Amino acid sequence: MTNIRKTHPLMKIVNSSFIDLPAPSNISSWWNFGSLLGICLIMQILTGLFLAMHYTSDTMTAFSSVTHICRDVNYGWLIRYLHANGASMFFICLFLHVGRGLYYGSYMYLETWNIGVLLLFAVMATAFMGYVLPWGQMSFWGATVITNLLSAIPYIGTNLVEWIWGGFSVDKATLTRFFAFHFILPFIVAALAGVHLLFLHETGSNNPSGLNSDTDKIPFHPYYTIKDILGALIMISMLSSLVLFSPDMXGDPDNXXXXNPLNTPPHIKPEWYFLFAXAILRSIPNKLGGVLALVLSILILMIIPLLHTAKQRSMMFRPMSQCMFWILVADLLTLTWIGGQPVEYPFVVIGXLASVIYFLIILFIMPITSMIENQLLKW
C-alpha cells in the first residue's frame, strides 16, 4: 500500500515540498535562508498577533499601550522585543538570501526572482508601518518624512499624501490605517512566499556550481530538514541573545519618548535595515530625483537577469565578478553607515559617491566584467 503522505490531497503537497523533494546534493549553508525567512515570518505573525491583543491604535493610547505590554502583560516584554528584533533578523536573512541569489545566479529563475523582489518590497512596507505603531518620536517623524516623499509625484502628489494621511498631518487616522495594513500585509507576504516556492519547485533549486544537477539529486528529508533545523537553532540562539541581553541595541533612543508633533528630532533616521535606502534617497538634492533613486535602488534587482552577460551562471568560477560583487557589498555597507550619519560634509559627498558606485557596478561594471571573463575563457 502507498504511504498516506503520497496519496492524501493535503499531505502530498507537503510531501512534494518538504519530504520527497529532489534537491541538489551540493547546496551550501547559503541555501538555508529560505527556511529561516519562513521561520522569521511565522514568528513575526505569532508575536504580532499577541501584541495586537493588547495594543490600541489611537494616538492618545498607542504609546502607553506598548508600555503596558512591557510592564503588565505576562512575558509582554519578551513578545515585544522578539517582534522588534525579529524584524532585524528577518532583514539580515533577506539581505543574505538576495546576496546568495546574486552571487550564484539564482536570478535566472525569472518568476521566482521577480516574486522575491515583490516580497522584498512587501516586507519593507510592513516593517515601515510597524515602526510607526509604537508612536514614539522617531516613529512619528519617520512616518511624516517618508509619507511626505509621495508629494514629489507631479500634479497628484499633495492630494495623494493627504489621502494617505487621512488629514493634513500624520494623526489618528494615519495610525489606525497603518495598524490595519501592518496586520494584513504579513498574510499577503505568506501567500506570496507560497507562490515563490511554487515557482521554485517548477525548476528545482540552483546550486553553487550553477550547473545542472538533475543527475545528482538527494531527498530533502532527512538531509536538508536536519540542516535547516541546525540553521534555525543558530538563528534562534542569536535572536535570543539579542533579545535577552541588549533588546534596545537596534532601536532608536528617541522612541523612548512619546511622539510630539511640535518637536522635530535633529536627525531623523530609520531602522538600520533601511539606512542604505535613506542614504541613496538623500544623496540626490532633488526631491523627485531622490524618490526615484530610492525606488530604483530596489527595483533594479528586477532587471538583473537582463544584465547577465556571462557564459556561466554562478560566480563560483569567475574571480573578477566575485571581486566586483564584494565591492558592491562593501558599497552597501558604506551606504548603511552614511545613512546613520548627519547631513554634513564629508558624509554627503561619501553618500553621493557610494550611491553612484552602487548603480554603476550593477548597470555597467558587472556586465562588462562578465564579458571580459567570456573573452578570457578563449585563452
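Any Cβ shown, glycine's included, is placed from N, Cα and C.
So that you can see what the record holds, here are the features copied from Swiss-Prot:
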BINDING   His83, His182  heme b b562 binding site
BINDING   His97, His196  heme b b566 binding site
BINDING   His201  ubiquinone binding site
TRANSMEM  33-53  transmembrane segment
TRANSMEM  77-98  transmembrane segment
TRANSMEM  113-133  transmembrane segment
TRANSMEM  178-198  transmembrane segment
TRANSMEM  226-246  transmembrane segment
TRANSMEM  288-308  transmembrane segment
TRANSMEM  320-340  transmembrane segment
TRANSMEM  347-367  transmembrane segment
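Overlay of Swiss-Prot feature records on the structure.
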residue: His83; record: heme b b562 binding site; Cβ neighbours (10 Å): 21
residue: His97; record: heme b b566 binding site; Cβ neighbours (10 Å): 20
residue: His182; record: heme b b562 binding site; Cβ neighbours (10 Å): 21
residue: His196; record: heme b b566 binding site; Cβ neighbours (10 Å): 21
residue: His201; record: ubiquinone binding site; Cβ neighbours (10 Å): 14
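Two recorded stretches are said to be in contact when at least 3 C-beta pairs lie under 8 angstroms, sequence spacing 6 or more; the transmembrane segment (77-98) and the transmembrane segment (347-367) fall short of this definition.
A Cα-Cα distance of 24 Å separates His196 (heme b b566 binding site) from His83 (heme b b562 binding site). For His97 (heme b b566 binding site), the spatially nearest entry among the binding-site residues His83, His182, His201 is His201, judged by CA separation. Across the structure, His182 (heme b b562 binding site) and the residue listed as 'ubiquinone binding site' are spaced 29 Å apart at their Cα atoms. Counting Cβ pairs under 8 Å to the transmembrane segment (113-133), the top-ranked stretch among 226-246, 288-308, 320-340 is 288-308. His201 (ubiquinone binding site) sits 30 Å from His83 (heme b b562 binding site), counting Cα to Cα.
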